[in-house]
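Below is one structure, written out as structure tokens, with a few remarks after it.
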């Protein structure tokens, strides 16, 4: 018997429950250039065939429900339904499969990450037939990419605004993250920027708390930024966190930052939500502000290998929604991140065209249609000894963010910034001269210590600090 893969309105309505695979599992389907494609890692419940699970995922994330409904006959279901067109077992895993699902582009509102996610990662993740489900990757077709505006400015425009080329950018998250008064906070910002950093940053927790209201912070930070600029002759910035309880309040804070003339603001895009993020990105584009994005809450969603959403999907979604910077992990620091996987989604953030490469976790070729790139931000447990690896891994188009690795310097904040700037420039020069930083990085840092006492002091403090834990999320 040939499975029924098309819904025919003329066949008449027959009430009851039927297998999803009769309608939504279509292995002969030829993918269209306009289809949105998803790769799901499925763990079926015992006794449930993978074809039924794959079809259920396609159905529940598109047009299907648990029973046959008579209103199916009032539309052309074949035009709108998702289709599970391929299933492959996961090597080395029992009862795990990658299900490939194609969605017609007409299922989604133009320019809306919110609507995209509501369908593809909605109720289907609670489906009883599945023990676990993880969205590994999405292909966003050019026809849908072109409905989004993407980052407010992108990497090249940011460099032009800052007038900084040929090296990575340096940042620092002000610590302690909570508890400082606005004036002391501004003092720390000034010292770090004066010492040689390009940016300082609000921690993701910093909004508008009793110990430091947002307007006071904005004013003292703006003063610190302008003072550091006048003394160094370089353009400086501080990521002022505009995240707030409501979109209206968030945009009010963004407007204040614009009126103060600062170059960049910040948003927590997962806790704030994609609707808020897209609104803020549009405001930044219209008013000349760069937008730094923090990924607070991402590990709740992406860290488990079998269930949730891989960060590469969250990174793609952010590029669509809009952000000039996005935290991406470090590979070498205190936070989770395997090298090849991290470099895979870093390329998805920065590059215009990325080929399918399963060795890096990239399931689909992605064409961004000249949409501006998002600069990856490496932060979390890094210090000067990590600089050679960071320059070798991320290259120039990245922001390397040292919080404790700046403010923990034994001589103070400004010497900590000096140490990081010297280390970055030494490693960049060594790389440009053709030296292998992976092999000679330690020698490069030790050589630079001879003419930078600040770097020498930092190297002595952090020479034994390592974060050697096995990565959970591997290919």
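The backbone N, Cα and C atoms fix where each Cβ goes, and this holds for glycine too.
According to Swiss-Prot, 123, 173, 177, 327, 379 bind substrate; the candidate from 213, 295, 303, 350 that the record adds to this site is 295. Summarising the substrate site geometry, the residues cited as binding it (123, 173, 177, 295, 327, 379) extend over a maximum Cα to Cα distance of 37 Å. For residue 177 (substrate binding site), the nearest neighbour among the listed recorded positions (201, 203, 204, 294), judged by C-alpha distance, is 203.
Annotation note: residue 123 (substrate binding site) sits in a helical segment as assigned by DSSP. The Cα atom of residue 123 (substrate binding site) lies nearest to that of 294, taking the recorded positions 175, 201, 203, 204, 294 as the candidates. Shown are the active-site residues 175, 294; of these, the residue with the fewest other Cβ atoms within 10 Å is 175.
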